[in-house]
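Enquirer: I'd like to ask some things about the structure below.
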Amino acid sequence: MLCGNMLGLLAKTMALPVVARSGRLLKPVLAARVPGRCLLRQEVLPKLPVPPLQQTCERYLAVLEPIVSEEELQHTRQLVEEFARAGGVGERLQKGLERRARKTDNWLSEWWLQTAYLEFRMPVAVYSSPGVVLPRQEFQDRQGQMRYAAKLIAGVLDFKSMIDSDTLPLESLGGKSLCMNQYYHVLSSCRVPGTKRDSVVNYSTSKTPPTHVTVVHNFQFFTLDVYNSDGSPLTVDQIYMQLEKIWNSSLQTNKEPVGILTSQHRNTWGKAYASLIKDKTNKESVRAIQKSIFTVCLDAPMPRVSDELYRSRVAMQMLHGGGSRWNSGNRWFDKTLQFIIGEDGSCGLIYEHAAAEGPPIMSLVDHVVNYTKKSEMVRSPMIPLPMPQKLRFNITPEIKKDIEKAKQNMNIMVHDLDMKAIMFSHFGKNVPKLHKMSPDAFIQMALQLAYFRMYHICCSTYESASLRMYRLGRTDTIRSTSIDSLRFVQAMDDPSKSNTEKVEMLEKAVRAHRLYTDMAIHGQAIDRHLLGLKLQAIEDLTSMPEMFMDTAYAVALHYNLSTSQVPAKTDCVMCFGPMVPDGYGVCYNPMEEHINFSVSAFNSCAETNANKLASGLEEALLDMRDLLEQTTKAKL
Ligand SMILES: *[C@@H]1O[C@H](CO)[C@@H](O)[C@H](O)[C@H]1NC(C)=O
Ligand SMILES: *[C@@H]1O[C@H](CO)[C@@H](O)[C@H](O)[C@H]1NC(C)=O
Ligand SMILES: *[C@@H]1O[C@H](CO)[C@@H](O)[C@H](O)[C@H]1NC(C)=O
Ligand SMILES: *[C@@H]1O[C@H](CO)[C@@H](O)[C@H](O)[C@H]1NC(C)=O
Ligand SMILES: CC(=O)N[C@H]1CO[C@H](CO)[C@@H](O)[C@@H]1O
């Protein structure tokens, strides 16, 4: 199954003065967003190209080389030749794609949103939504927890004011502007389940944009109005007081965890949703959550674990909440953005993936974390504020049954997810840079090496690449496994190879990865193009070309390694589940002198082990550094 997990490449931000076009300084306000700089810039971004057919076919055969047998490759070669021959079906589909590209802003984005996300029927928790682990906070009690939550809410509102006034720092990559569209989909939006496919609603451009966030504590949801009537945001102090009121009126812990319904298989939840919102009160409560700017989950403390396991436990708390006994019911998984703050200092967030990739989320996180560090909060005059509204749910026996089923399924998912979050503290981007290698390519090659050492073969590897250089661009796939990476990992532990040979092979593999990356961010990778040709065949009601029914195609799309580099300035790490039942999900944030990793796998697969791959990765990184250092020394 295609899953659109994840992120893009390092995006440089150019800070621009926070001054409106009129020259007047902008106040954070509720004013409806006016199409301004970002949207005008949108118009001048180039359109995503459709790569040439022959190029994609050749590159497809090249990526298969390290992952399928020679016989299979031979067979596939024939199918591809047949597909791409002059006057053949490939050319016809290609023309269809080119037509689509002329008629739309982006030939891919709507298809991608539908196939990768809204038609994906597995639960969004674990299978689709990424989490982010923030550095552990010092607080040890609920006052500290609420104070931090209040600062965090204020920080997001501060970021929102840049979105509303269209003054977000524009991002660029290699001197080219990036599409800023995703930023406008993160707040005030929510996924809505359907019985066959889902949809996404957003209220940021509605006539009456929302002025509230939802807060959930002990499975009970509240709406918290975060703006004064004059449009100014509440101060941290004010938000704190409101959170305390919420806390005090949600002390009972015996409430039905309605939110856990959102963790179900999408068809199941789609059915349960229809029955839930038949009741008018329920419908209004659900609407209030969907419409809110974002959600804040005040989590109960989780079981204590050793410092070594703590990071991994928090990663799991972000991804699924720990099960029905713990915080899994303290979520609305359909909500695009949910910050999570535990009483024990664990912090982070989870986001629903249909709206955005990692980078916009990370730049929001960087902004918010900075904001929470601003020394002390200003004391504001205490104007009495209304009590935040509790959202009521009428639980019929039928809904109660759905909740019980959801609890069971969630607990199965919780048991199945294996997650290891590690900090690699020996070095970061500094070492590869010293040896003139791309840090991302270096880390990817270490991952290839670790995998090869475990399985003695290599596998299809997905690394997301940002297509944001193009209008409405999302992602394509960097295929990190190449014939050059295979040669390198084979040579690395081969005593008949000299260090100099090994270094040459590493350099070659790193260059191949760089080249593929460059190709991908310029819209010339193969994965989305092949998907487009396939969807075009479906749209044209053409019989499915054999090339897409070939085993090699299934192998190519079976990503045992699903990876993403998600850089942030904040010392944090993103995490997500594997893309396939027998695979791994690996995410990393390379800092200058250390790297934070998360590695996930499923316990139900006997062949995979997150701990083992994580330590293999550390070993591979160290071995590669030693190789470079020894060889360089020898040269001197
Ligand atoms: C919100 O969704 C509507 C309908 O899907 C869409 O027309 C609108 O452009 C979206 N607004 C934003 C800010 O993306
Ligand atoms: C919440 O309850 C605590 C303890 O009973 C009390 O000290 C505090 O004043 C209450 N806060 C609000 C805002 O009602
Ligand atoms: C956070 O603050 C630091 C120091 O004040 C600054 O250098 C950095 O650019 C800020 N980052 C963001 C994303 O605002
Ligand atoms: C990886 O993928 C292949 C199928 O493409 C499968 O046979 C293999 O067992 C997978 N899992 C692992 C852990 O290698
Ligand atoms: C969120 C997280 O795990 N951050 C860690 C990244 O690595 C550094 C240094 O090794 C740790 O200090 C952070 O806690």
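Cβ atoms here come from the backbone N, Cα and C positions, even for glycine.
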Enquirer: In TrEMBL, the CoA site includes K429, K433, L434, H435, K436, M437, S438, P439, D440, S466, Q565. Which of R331, R514, R625 does it also list there?
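Expert: Candidate in the recorded CoA site: R514.
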Enquirer: Pick from S438, S464, T475: which of these binding-site residues has the biggest number of other Cβ atoms within 10 Å of its Cβ?
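Expert: When each Cβ's neighbours within 10 Å are tallied, T475 leads.
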Enquirer: Going by C-alpha distance, which of the recorded positions H353, Y462, S464, T475 is nearest to K429 (CoA binding site)?
Expert: S464
Enquirer: Measure from the CA atom of H353 (active site, proton acceptor) to the CA atom of T475 ((R)-carnitine binding site) and give the result in Å, rounded to a whole number.
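Expert: T475 ((R)-carnitine binding site) and H353 (active site, proton acceptor) have their Cα atoms 12 Å apart.
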Enquirer: What is the one among the recorded positions H353, K429, K436, R514 whose Cβ has the most other Cβ atoms less than or equal to 10 Å away?
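Expert: Neighbour-count leader: H353.
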Enquirer: CB neighbours of L434 (CoA binding site) within 10 A?
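Expert: Summing over all protein chains shown, L434 (CoA binding site) has 13 other Cβ atoms within 10 Å.
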Enquirer: Suppose we draw a 10 Å sphere around the Cβ of Y462 ((R)-carnitine binding site). How many other Cβ atoms does it contain, all chains included?
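Expert: For Y462 ((R)-carnitine binding site), the count of other Cβ atoms within 10 Å is 29.
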